[in-house]
Amino acid sequence: MTQTKIDGRAKTREIKRKANLNLLERLYLPEIFKGLSITFRQIFKPKFTFEYPDVKWQPPASFRGRPVLVVDDETGVERCVACGLCARVCPALAIEVVADETELDKERYPKKFEINMLRCIYCGLCEEVCPEEAIVMSKEYELVFTSREEAIFGKDKLLTPASKLKDRLEFLRKMR
Amino acid sequence: MAKITIDGKTVEVKDGLTILQAAQEIGIDIPHFCYHPALSIAGNCRMCLVEVEKMPKLAIACATRVIDGMVVYTQSEKVKKARQAVLEFILINHPLDCPICDEAGECKLQNYTYIYGPGHSRFEEEKAHKPKRVPLGPNIVLDVERCIMCSRCVRFFDEIVKDPQLTFTQRGDRVVLTTFPGKRVDNPYSMNIIDICPVGALTSKDFRFKERTWNMTAVESVCPGCARGCNVYLWVRNNQILRITPRVNLEVNRYWMCDYGRFTYKPVNSDDRIKNPMIKVNGELVETDWEIAVETAASILKSVKPDEVAVLGSAYATNEDNYLLQKFAKSVLKTKYVDFLRHVKDGDEDNFLIRADKTPNSYGAYLVGVRSNNGFGFNEIVEGLRTKKFKVVYVMDDDIVLNDEIYSLLDEVKVIVHATNKNKTVEKADVVFASASFAEKEGTFTNFEGRVQKINIAVLPKDYEPWMLYKPRKFGEVKPNTGEINKANLALSRLFKFGTQFDRWASGERRNVKPSWWVIMQVANKLGAKFTYASSSDVFKEISETIREFKGLSYDLIGDEGAMINKN
């Protein structure tokens, strides 16, 4: 059989096909019933789908959902010191950090921290590079926006108390 | 001459050089903190230890002079171990501040630890705690914990500006860098210690936490603060200049610049910038496009007779702008009244860098022909305004309103002005051309000695795209002749390179500004001239062909270091 010229070069290649079907196969109907019986058997087996969105899947600690900023439980401020390493390592250039000075001991805090969720590819490199364990991947996987502006998450959406991220923080400590 | 062998390379060097300098000459970098080519040798950091044959112990390369027949090893096992030991020792009390430290990315300690360090610490005790965030003066913040006692800053004040302002007190791990009791660091050159500090102990108050070094693009330029024309880098992020640092040029500013010069970027970013060309409609300036502004200016100039127009060039504008302005005045407008204003602050100068002439290009403006011929200068122009001799005043890149009298005299005439920022002359203008500032155009300045130096586009005007300007740069490349890390070779900020119109971090303001030579060309061509310059280098080519002092010069020849004019 001759393949059509896609890349401009003529190419001939044999396409191998199972030849000489037997009579039953050629009759078609037996095969149909075979397939239907497989489908039918599934009805009596246990279900493994969820009735989303009424029932929601709880991801394991290793799941990489949308990145969030950790707010320390004791101090009530974000751990982030705006060092910009997450922005530097981000392969999709999703993160922008603008730093400013604070009176706190950490000296530096993010005046602005924005993640463009249209750019984010959930690779988790920001979490891996963070020297303060300040940005971690949450379990959140439901992201809906209706405009480009909405897809840029500022500090208001990113700040999350550490108590809500216990699973992930423990997982990170274990994997270190 | 002494013949020495460094790492198997035999080389002949001048007597009196140190091993470190000899190594730099052949491109071998020996790590060091306290050595600086412009300062005396302190030899206190011990980072530059090298192995010399027939010497019983390792020797410091910065203070050991070369001897004929010397054999030096900079990469032997013994040297590597010594470097690791020195770094481990320095890092004992150096805080792990890199994530919050402004120096990160251009820090000698960080780089050397990465290249030569042991990679781990054996120190488990509590680090020494010292004052942090100490304001040393109006422009500098000191973090004593980060200081590694290299004494570069102390020596800078003692030796370069000869105004001792810093010293060490106490000893051992309690040593503290401090000012003398009750004194502040307020020398006009004080901010140089921020640049020479090998770690982040001394940081700039103005630049503090503004941006990480690797997010910025450094562009070679020339400081517009005075007639010295110090070579500088403009550090740009999101189309805004964030800081200015000196660029080494041993003929002009060596390694230094003054504090005043570091703030010359403020007008470029400021809110009073003129962002679009404007014309006066019913007594009020309204923004318009270039076509209409040029058309309006041409129609004003069409009706005037020769010598009814006064033309003022500028010592703030480039050679190219001034050249084309005087050509336009003499060949198209046919006026004798051509001059520029000098901005000299008598007494405000020293014998180091700062000049009394506060403009970058007064010599250049004079040379290319913006000068008064026998009584047709600025004073005569003002006199002419008094006697209502003029119908039009054409001002380029300067504010000619020196007093209230001139301010009211400008009511009587039509005023066409090129301006970067709003000023008194703009208030009186009929046509305002939005002029590119020194950071937004290409061109040359001629400093007071007659050195022609090039400025480059750092902040993008509306009609430029990043790829039109930048050449790829390598990260952290070492300039062998200085041993300092060449900051211009930092990677081109990738945020800037890959930003799209939908990214907020790439949406920095682009102003609709044009270099003055381009505007003059448009106006002249509307009045019947045939100027065909495609770029400022075309204008400079014509300057080099017509002006005697500029004969033989070209942008290639000027390069990064500048070139002298022919004085004879």
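Any Cβ shown, glycine's included, is placed from N, Cα and C.
Since this is a predicted model, take the numbers as computed values, not measurements.
As written in TrEMBL, here are the features:
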- A:Cys80, A:Cys83, A:Cys86, A:Cys130: [4Fe-4S] cluster 1 binding site (BINDING)
- A:Cys90, A:Cys120, A:Cys123, A:Cys126: [4Fe-4S] cluster 2 binding site (BINDING)
- A:67-100: domain '4Fe-4S ferredoxin-type' (DOMAIN)
- A:111-140: domain '4Fe-4S ferredoxin-type' (DOMAIN)
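Distribution of TrEMBL features across the structure.
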| residue | record | DSSP class |
| --- | --- | --- |
| A:Cys80 | [4Fe-4S] cluster 1 binding site | coil |
| A:Cys86 | [4Fe-4S] cluster 1 binding site | helix |
| A:Cys120 | [4Fe-4S] cluster 2 binding site | coil |
| A:Cys126 | [4Fe-4S] cluster 2 binding site | helix |
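Burial estimate for the binding-site residues (A:Cys86, A:Cys90, A:Cys123): highest at A:Cys86, by number of other CB atoms within 10 Å. Between the binding-site residues A:Cys80, A:Cys120, A:Cys126, A:Cys130, the minimum number of other C-beta atoms within 10 Å of a residue's C-beta occurs at A:Cys120. A distance below 8 A between C-beta atoms marks A:Cys83 as the binding-site residues from A:Cys83, A:Cys120, A:Cys123, A:Cys130 lying next to chain B. Outside the domain '4Fe-4S ferredoxin-type' (A:67-100) by six or more residues, the chain places 106-117, 119-138, 140, 155, 158-163, 165, 169 with a CB less than 8 A from a CB of the stretch. Each residue contributes its Cα atom, and for A:Cys90 ([4Fe-4S] cluster 2 binding site) and A:Cys130 ([4Fe-4S] cluster 1 binding site) those atoms are 11 Å apart. Here A:Cys86 ([4Fe-4S] cluster 1 binding site) is compared against the binding-site residues A:Cys120, A:Cys123, A:Cys126, and the shortest C-alpha distance is to A:Cys126. Calculated from their C-alpha atoms, the gap between A:Cys126 ([4Fe-4S] cluster 2 binding site) and A:Cys80 ([4Fe-4S] cluster 1 binding site) amounts to 12 Å. Each residue contributes its Cα atom, and for A:Cys83 ([4Fe-4S] cluster 1 binding site) and A:Cys120 ([4Fe-4S] cluster 2 binding site) these two points are 19 Å apart. Here A:Cys130 ([4Fe-4S] cluster 1 binding site) is positioned 16 angstrom away from A:Cys120 ([4Fe-4S] cluster 2 binding site), judged by their C-alpha atoms. A:Cys123 ([4Fe-4S] cluster 2 binding site) and A:Cys130 ([4Fe-4S] cluster 1 binding site) have their C-alpha atoms 14 Å apart, to the nearest angstrom. Summarising the environment of A:Cys83 ([4Fe-4S] cluster 1 binding site), the number of other Cβ atoms within 10 Å of its Cβ, over all protein chains shown, is 24.
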